[in-house]
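**Student:** Among the features that Swiss-Prot reports, NADP(+) binding site is placed at Tyr26, Gly27, Ser28, Gln29, Lys49, Ser52, Ser54, Asp84, Thr85, Ala86, Gln87, Gly135, with the record citing sequence analysis. Taken from Swiss-Prot, the feature Mg(2+) 1 binding site applies to Asp192, Glu196. Annotated substrate binding site per Swiss-Prot: Ser253, in sequence order. Under the heading domain 'KARI N-terminal Rossmann', Swiss-Prot lists 3-183, citing sequence analysis as support. As annotated by Swiss-Prot, domain 'KARI C-terminal knotted' applies to 184-329.
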Amino acid sequence: MAVEMFYDDDADLSIIQGRKVAVIGYGSQGHAHSLSLRDSGVQVKVGLKEGSKSREKAEEQGLEVDTPAEVAKWADVIMLLAPDTAQASIFTNDIEPNLEDGNALFFGHGLNIHFGLIKAPENVTVGMVAPKGPGHLVRRQFVDGKGVPCLIAIDQDPKGEGQALALSYAAAIGGARAGVIKTTFKEETETDLFGEQAVLCGGTEELIKTGFEVMVEAGYAPEMAYFEVLHELKLIVDLIYEGGIARMNYSVSDTAEFGGYLSGPRVIDADTKKRMQDILKDIQDGSFVKRLVANVEGGNKELEALRKANAEHPIEVTGKKLRDLMSWVDRPITETA
């Protein structure tokens, strides 16, 4: 099914310019949205809790900062860009008491709305504007006169103005320069979670660790295994990112290409596909989100245990030692990287 696309000519920037926008959060996406909205002539304030380390940075960049409750009270469009697991409490404590008829509540990801963790009043527009790139790229492209493609979706539209407002917002952060894709909260949420779990984070991580274990258990040096299954992955991913799988296969040696065709299906086979389908079902039926919420309510104990076990894997020890030799690699912000 073909997607519906919009560009700058389809967007009316004056719509968002006539509104007051509160951006809750000043992380990767929050800073990009806030600065680009401001540069597009939009009234914007940033909402941060008292004592936030991001407050000074936002103020240094010329933005007005107040508590989430105060900016929600001031604004008529509220973009909630805090972490997924913090959004429900922020909504309940700071946003919901300050919502008025005709306000709009926007998100950068659909999880909390799609799975019913946040339920906005019926007289509030609920929408999503989600750039398909990290915040630093969104901001850099905007400054360069370009843009990162965005997704927009409307879940609740009491006045019938939601799509025009979302499209205007997307244009204000540069998205309509590249292209805006219309989707739904369901589609964005479920595809995003599946991609993260089965391929980008979970799947790739386990593939790397298992490859490392197979080589080391066969008697190869951990350093050699690290280079072959982790370090060189960036070279392959960059080629795929730039031109797709065909570009990657064109660029590698015939030996690598031929071996990949023969062995890839032995690693990822019909049984793997079945398990991936099971992962998708767990996402669709809410099982994953229930476990996510239980983890948060339990003080993040399950996440911390998984994080600790992952950090202690031998590939992390080997990797840190080797990366210390690589002057061109940016130093990590975590103790284990």
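For all residues, glycine too, the Cβ spot is worked out from N, Cα and C.
Predicted, not measured: the structure shown is a model, and the values here were computed from it.
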**Student:** Residues with Cβ closer than 8 Å to the Cβ of Glu196 (Mg(2+) 1 binding site), same chain and 6+ apart in sequence?
**Tutor:** Gly202
**Student:** Pop the Cα-Cα gap between the residue listed as 'substrate binding site' and Ser28 (NADP(+) binding site) into the table, whole Å please.
**Tutor:** 37
**Student:** Can you tell me how far the Cα of Thr85 (NADP(+) binding site) sits from the Cα of Asp192 (Mg(2+) 1 binding site), in Å?
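**Tutor:** That comes out at 16 Å between the alpha carbons.
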**Student:** Looking only at Tyr26, Gly27, Ser28, Gln29, Lys49, Ser52, Ser54, Asp84, Thr85, Ala86, Gln87, Gly135, the residues listed as binding NADP(+), what is the longest Cα to Cα distance in Å?
**Tutor:** 20
**Student:** Test of understanding: give the count of other CB atoms lying within 10 angstroms of the CB of Lys49 (NADP(+) binding site).
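**Tutor:** That number is 16.
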**Student:** Please report the distance from the Cα of Gln87 (NADP(+) binding site) to the Cα of Asp192 (Mg(2+) 1 binding site), rounded to the nearest angstrom.
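**Tutor:** Rounded to a whole number, the Cα-Cα distance is 17 Å.
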**Student:** Using Asp192 (Mg(2+) 1 binding site) as the reference point, find which of the binding-site residues Tyr26, Lys49, Ser253 has the shortest Cα-to-Cα distance to it.
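**Tutor:** So, of the listed binding-site residues, the one sitting closest to Asp192 (Mg(2+) 1 binding site) is Tyr26.
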**Student:** Can you check which residues sit near Ser54 (NADP(+) binding site), meaning Cβ under 8 Å from its Cβ, same chain, 6 or more apart in sequence, and list them in order?
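**Tutor:** Looking at Cβ-Cβ distances below 8 Å from Ser54 (NADP(+) binding site), excluding near sequence neighbours, one finds Tyr26, Gly27, Gly30, His31, Leu48.
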**Student:** Can you check which residue among the binding-site residues Ser28, Thr85, Gln87, Ser253 has the largest number of Cβ atoms within 10 Å of its own?
**Tutor:** Gln87
**Student:** Once the DSSP letters are reduced so that anything not helix or strand counts as coil, what is Asp192 (Mg(2+) 1 binding site)?
**Tutor:** helix
**Student:** For Tyr26 (NADP(+) binding site), what is the secondary structure state per DSSP, taken as helix, strand or coil?
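**Tutor:** Reduced to three states, the DSSP call for Tyr26 (NADP(+) binding site) is coil.
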**Student:** Go through Tyr26, Asp192, the listed binding-site residues, and name the one with the sparsest Cβ surroundings, counting other Cβ atoms within 10 Å.
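**Tutor:** Looking at the binding-site residues Tyr26, Asp192, the Cβ with the fewest others within 10 Å is that of Asp192.
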**Student:** Do you know offhand how many angstrom separate Lys49 (NADP(+) binding site) and Ser253 (substrate binding site) by C-alpha?
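**Tutor:** Roughly 53 Å, rounded to the nearest whole number.
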**Student:** When the pLDDT values for the domain 'KARI C-terminal knotted' (184-329) are averaged, what is the result?
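**Tutor:** Summing pLDDT over the domain 'KARI C-terminal knotted' (184-329) and dividing by its length gives 97.
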**Student:** Counting each residue once, how many in the domain 'KARI C-terminal knotted' (184-329) are helix, strand and coil under DSSP?
**Tutor:** 122 helix, 0 strand, 24 coil
